[in-house]
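The domain 't-SNARE coiled-coil homology' annotation in Swiss-Prot covers 195-257. Summarising the annotation, Swiss-Prot assigns phosphoserine to Ser2, Ser23 and lists a large-scale study or a structure entry as the type of evidence. The topological domain 'Cytoplasmic' annotation in Swiss-Prot covers 1-268, and the record cites sequence analysis as its basis. Here Swiss-Prot flags 269-288 as transmembrane segment, drawing on sequence analysis.
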Amino acid sequence: MSEDEFFGGDNEAVWNGSRFSDSPEFQTLKEEVAAELFEINGQISTLQQFTATLKSFIDRGDVSAKVVERINKRSVAKIEEIGGLIKKVNTSVKKMDAIEEASLDKTQIIAREKLVRDVSYSFQEFQGIQRQFTQVMKQVNERAKESLEASEMANDAALLDEEQRQNSSKSTRIPGSQIVIERDPINNEEFAYQQNLIEQRDQEISNIERGITELNEVFKDLGSVVQQQGVLVDNIEANIYTTSDNTQLASDELRKAMRYQKRTSRWRVYLLIVLLVMLLFIFLIMKL
C-alpha cells in the first residue's frame, strides 16, 4: 500500500489545509467590531478613572466641591456614549453571526468566536463599572444631603438666635413694626443650588439603573451568540483533534507496514542467496 493511498479519503482535508474562503463581508464586519471594541474599552477605562477620583473625594469628605459635579457630568456622558457603542457593536456582532458557516474557513470561525467573547467581556465590565459609579454617586448624594441638612439646621438656629436677640432689645424696637428675618441671599442661592444638584443626581442614578436593565436584554442576545459560537468552535476543535488522532494512527500503521515490507524483502534476499548456494553446490557435485 502506498503512502498516497494510505493517507487519502477522510484525511485529505488535513494535508490540503483549510478550505479556501473569501468573505469580504466578514472581513469588513470584523474590522468594524474590532474598532468599536477598542473605542468601548478606552471609554470604560476613562469611566473607571472618573469613578476612582469620585471615591477619593468621598474619602476626603469633600463632596460639595465643584470638581465633583464636573466629573459626575462627564461620567454620565461617558456612560451614555458607551451604551450607544454597545448597541452599535451588538448590531455588528449579529450581522457577523448571520454569515453562513460554509462561507468561512476554520480560522475565520475561531476569530469570530474570539471577537464575540471579547465583546461579551467588555459588556460585563461596563455593567460592573456602571454599578460602581451609581454606588459612588449614591454615597456622594447621601453626604451632600447630610451636609445640606446640617447647614439648614445651622441657619435655622442662627435665625432663631437673631430673632430672640431682637425680641429682647425692646429699647431699639419700633412699636408696631414687624420683624422680617431672611436667610442671607448668597446662602439661599447656594442652598438651592446644592439641593438642585442632589435632585439631578438622583434622576441620573435612576436613568443609569434603568439603562443597565435595558442593556441586560442586549447581553442576553449576546450571550446566546457566545454560546452558539462556543459550541461551533468546540466542534471544530474536536474535529481537528479527531483528525489529528486519525492521522497519527495512520502514520503509525504506515510505519508498521513499511517495517514489515523491509523485513519481508530482507528474508527474500536471504532465501535467494541460500538457493544460489545450493544450486552452486549441486552443480559442483555433478561436475565431479
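Heads up, the Cβ atoms here are built off N, Cα and C, so glycines get one too.
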Q) For Ser23 (phosphoserine), what residues in its own chain, 6 or more apart in sequence, show a Cβ-Cβ distance under 8 Å? A) Ile99, Ser103, Leu104, Gln108
Q | Model confidence over the topological domain 'Cytoplasmic' (1-268) (mean pLDDT, whole number) | A | 75
